[in-house]
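Here is the structure we will look at, set down as structure tokens.
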């Protein structure tokens, strides 16, 4: 028999990876008594694969998480050993920070942070069963004592038979559901190397009727820095100027985050930057060789990816090294980055070399690279197969379409990447709390956030492989820059109780300051004169040849506000304000064009489809369209239009049916775009 003394919470989060930590933190901050359960509290927020956070689109997600009061950005700022701004030579839409974190310190700081959050309890336990408020399609045991559970509550059963109850349940199980690890012909049950899989929970979800698919991911070998010839590598340093993921440290009277590590770095790494604005370690670039490729080709018959041992579908945009060599046979070499896994460890991550080849092959292929002739492997690479939900199981608020109050986030939804998981976890935690509080769900549109793009893609697209975020997936990416995530999202975070009033006030002051300076620039007329041109030339700005406004001068590609400010006696401002002024001035035409397109599309998004709308009864609809709409159950006309196989004629029929339904019922008021909307 299970324990008859269950603990009762508002929200329970199962799994304490990047999704689970953000979900639990958000729910607790919003006033819900929350429990975070994980198999191993020492591995909370563990970086199972690469020791990096951010990059194009992923860095955008981290900035958005921070703007919404999440943790990932600020924990990274305390634990990174290197940070860079990627795509610095390109436009602002694709520029994004990327950091190398000390992976063990990241987990330590995240755990210490969560331990200080009111309303949040942490417990170590493996969950084996879920009891639904109203069990559906269960093929399992009849011994569940549902009568002992509070009405309307979920229950989770641990491996020690403890029962915890909650009104909203969030599953963030990562790669643990019936996970198995694979290196060559060696196969063992694992959620990741060294940790047991959640086999019973995977079987229980299947018994409850949730359709599951098998996905695959992989990780490269880790090597010993003391056995690398760094003189044969290319060194890649971090940023020479201060750069963080978190917004407003100074404005909130918070000291810039000091590194959580101290003392000298591991002795093996050459050229550490110890006296700069922040101690940093370099990364190091090497390339594969013809011998490397030949070793891989010679052993393809031993590769689980090609022998049939691996059944799960892997991420297209993060292929294994053996897959790259087969698919891109014409490429003579591939770049591999050697990334230190921490400040004081000699363990190095070989980025770009994830593999499930036999361990002896891994040794041989790495030792074919000149810088790695004497390299020693500390851990072999492996693939991991796991269960994930089939497409169409989640709604736009991250909830289950089958069971109200049940939410999913992270790799269980078919995504890959820490940042994608954290973003989903944040939204799942927010909406779990809103569910408990009887409030409407919060949905972010595609024009509001990369988080909105991510979730909309999960809801409206067939996910056949682990999903990864790219800037190219965001059609409004000039509006969704990493630099303006605070202006876009922090006011909403304030409404939800995720950040305090002071932080919202700082954002609004910044917005007002940007608008004020743009007005000053537009109103300041300049005429060619010896005095003006001399001042411009002294600032490194080409002289005037005709009358123009100061804003028009700033639109020149090479001119920056902080360069123009002293030359024209313009108001001084903080660097982040100047950055916004630069972008708003230089890209005003493009921004206006995108904003008009957003307004056009927003009218479609605002036309909501009732959750119980009967697509099967819609006359004239093609069978393919009817089946697709029934499967995905879009929440808005905009979502319906983005579904594969839905054409304009289908949308026209749907609009007519909704108009007819609206005339027959009391109209539902559409929420203001800036407020949370129902999902």
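Cβ atoms here come from the backbone N, Cα and C positions, even for glycine.
Worth saying up front: this structure is predicted, and the values here are computed from it rather than measured.
For reference, Swiss-Prot has these:
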- 15, 16, 17, 18, 19, 20: FAD binding site (BINDING)
- 314-328: NAD(+) binding site (BINDING)
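Around residue 19 (FAD binding site), a 10 Å sphere centred on its CB holds 35 further CB atoms from the protein chains shown.
Minimal Cβ crowding within 10 Å, among the binding-site residues 16, 318, is found at 318. Cβ neighbour density within 10 Å is lowest for 314 among the binding-site residues 15, 17, 20, 314. Sitting within 8 Å of the Cβ centre of 15, 16, 17, 18, 19, 20, and not among those site residues for FAD, are the Cβ atoms of 13, 21, 22, 23, 38, 45, 172, 174, 409, 410, 421, 425. Mapped onto three states, the DSSP output places residue 324 (NAD(+) binding site) in helix. When the Cα atoms are compared, residue 17 (FAD binding site) and residue 318 (NAD(+) binding site) turn out to be 20 Å apart.
Of all the Cβ atoms in the protein chains shown, 19 others lie within 10 Å of the Cβ of residue 324 (NAD(+) binding site). For the binding-site residues 18, 316, the greatest number of Cβ atoms within 10 Å around a candidate Cβ is found at 18. Each residue contributes its Cα atom, and for residue 16 (FAD binding site) and residue 314 (NAD(+) binding site) these two points are 23 Å apart. In this structure, the binding-site residues under consideration are 322, 326, 328, and the one with the smallest number of other Cβ atoms within 10 Å of its Cβ is 328. Within the set of binding-site residues 15, 18, 20, the entry lying nearest in space to residue 320 (NAD(+) binding site) is 18 (CA atoms). Residue 19 (FAD binding site) falls within a helix when secondary structure is assigned with DSSP.
Taking the Cα atom of each, residue 328 (NAD(+) binding site) and residue 18 (FAD binding site) are about 33 angstrom apart. Across the structure, residue 324 (NAD(+) binding site) and residue 18 (FAD binding site) are spaced 28 Å apart at their Cα atoms. Distances between the Cα of residue 18 (FAD binding site) and those of the binding-site residues 316, 318, 322, 326 are shortest for 318.
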